[in-house]
Each structure stands twice: as structure tokens, then as C-alpha cells.
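The structure under discussion appears below in the form of C-alpha cells.
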Amino acid sequence: MKEDRIVFIFGPTAVGKSNILFHFPKNKAEIINVDSIQVYKEFNIASSKPSKNLMKHIKHHLVDFLDPEKEYTLGIFYEQALRIVKEIRQKKKIPIFVGGTAFYFKHLKDGFPSTPLVTSEIRIYVNNLLYLKGKSYLLKELKNVDPIRFNMLNKNDIYRIKRSLEVYYQTGIPISQFEKKQNSEFKNILIIGLKRSFEDLKTRISIRINEMLNSGLLSEIKGLFSKGYNENTPAFKGIGYNEFLLWKSRPCYSLNDIISLINKNSFLYAKRQMTFFAKISNVLWFHPEDDLVSILNLIFNVDKEI
């Protein structure tokens, strides 16, 4: 392993990313979390944060540190990631990025897009448009001013919809024209993708959701609501949390309805993740269990019996 190399390990939700980390040698690497919800404090169960045992086995960064009311952006993540990589390298360890937020991995590999800042007045204006005219109006407006960005975005990703319009209203230039590839800070990247069949993923997602419920997800959700967290809380955008906003605001939704919706949304998200990851070049794809020895050898150059 060259000293300047970093490692990416990514894959869809429930593929088994955390499980392979228990097999990593102690004190040879540190993990940089690549998950936009696990960064938040208090939002623990549905975000599938690494267990205490796993974090004791191998050090994790960017987990459970951010106030749920704070927005976490690509720019913040990118800046923190650069700093942490330097710190890990100073310890003569391997920086390993692990997670499922494909958008973050893309820009770690390709470089950070140089989009402009926008004023608070523009942000307020776009928020007012959302409040007065609704998401459908924002989508229609985005399609008119930036069809490239419109076709790229998840139509439920209200944060990036707003951000795209903010940049356009601020500059008169579509955000898609700003987001050209920059030079990445990282030149020597080992990219490992984890995959399973969709049938296997669907089963594992269902099992995981049942485990979350048995671990106290409902109590966690009620506790979050009691603290005043709501639909305006950035952490509530995560799957497994966002669906409970319906449960709170619309009594016609039963708990079983919400669980079914979480299952559905989780599987659709896993499919979107795989579609996005498939567009990233130079990925070495492995099954997280069948190919575990190969993964360990590739990263650490060690043989291990499983």
C-alpha cells in the first residue's frame, strides 16, 4: 500500500459495509464516514450508525457530532474530509472512506464543484416560494431554467432543488454549468464497491427495519418529536425518519403503513445508489462476504482465514 493511497468502500444500504470492518486489522486504518445522516446527534437507530463495538475496534470520524438543526453540505464534508485524511496519514495509517452517500464519493473522486455563494435574501426568497407555491412549482421552475440539473436530481431532494434555484437566481447561470469537474485532491484511490442481488438486498432491508423497531426506533422517534424536531429539521430528511413525519401529521397513516413505506423507500434508495455507483469509474466490485479475503488482501496485503 503506497503511503499516499486512500481507500473508498461503498455500496447500497444494507449491503454489509459495517460487517467487513470488524475484520480489519486494528491500528492500521481509520474510517471516515460517508453518510449524510449518521453525522447527526440523537438520530441513531434508523441512520444505522456504527455500533460502539465497531468504533472501539477501529476509529471512526464524522459520526454523531452535529446538531440535528444544522445543515450538512457537500462543502462542509469535503473540507472536513481533507483535514482528517492529513491527520490519519500523519499517524501512518490508511484513510478509508466508508458509506453510501454516492454524491459525496463522486466529488471526493472528481473534485469539489466551485458553485458560488448566495445571499440570505435569495435563500429567504426561495423558501418563500416553497411555502407559498409548493415543491411542484419549484420543480417546474428548475426544469425551465436548468433542465440538465432537473434531470439529475431526485425530485424529493428539496434541499438540492432549492440550492439549484438559489444559484440561478443569484447569478443568472444554471448550477449545472458551475458543476464541472475540478481536480481532485486525491490522486491514488483504491475504489471498492460492495454489491448483492436486489433480491438479497430487499430481504436484508426488511430484516434491518425489523431490527430497528426491536431496538427502540419508535421510542427514538417520539423522543425526537418531544424535543421539537420537525419537518424543518435537516436530520429528518433521512429515510426511516422522514416517513414518521406523515405518521405525526396525518392520523390516517398507521404504524404498519409507515413501516411499509420505509421498506419501499429504502429499497428504491438502494437501487438509486447502485445506479449512481455504477457511473463511477475504476471500481473493483466484490461481494462483502464471499470476497472478504480478497478485500482484506487488496487493502492490507494480509491473508486472513474467515
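Glycine too: its Cβ is placed from the backbone N, Cα and C atoms.
The stretch that Swiss-Prot tags with region 'Interaction with substrate tRNA', taken from the ranges 27-30, 35-38, 303-306, is 35-38. Beyond the region 'Interaction with substrate tRNA' (35-38), the same-chain residues lying 6 or more positions past its ends with a Cβ under 8 Å from any Cβ of the stretch are 47-50, 62-64, 72, 77, 99-101, 104, 235, 237-238, 241. Neighbours of the ATP site: apart from Gly11, Pro12, Thr13, Ala14, Val15, Gly16, Lys17, Ser18, residues of the same chain with C-beta atoms within 8 angstroms of the site's C-beta centroid are Gly100, Leu194, Arg204, Pro288. Restricting the binding-site residues Gly11, Pro12, Val15 to those with a CA within 10 Å of the CA of Thr101 (site 'Interaction with substrate tRNA') leaves Gly11, Pro12, listed by sequence position.
Around Lys17 (ATP binding site), taking its Cβ as the centre, 23 other Cβ atoms fall within 10 Å, counting all chains. In the predicted model, residues of the region 'Interaction with substrate tRNA' (35-38) average a pLDDT of 95. The record gives Thr13, Ala14, Val15, Gly16, Lys17, Ser18 for substrate. Within 8 Å of the mean position of their Cβ atoms, the other Cβ atoms in that chain belong to Gly11, Pro12, Asn19, Ser48, Gly100, Leu194, Arg204, Pro288.
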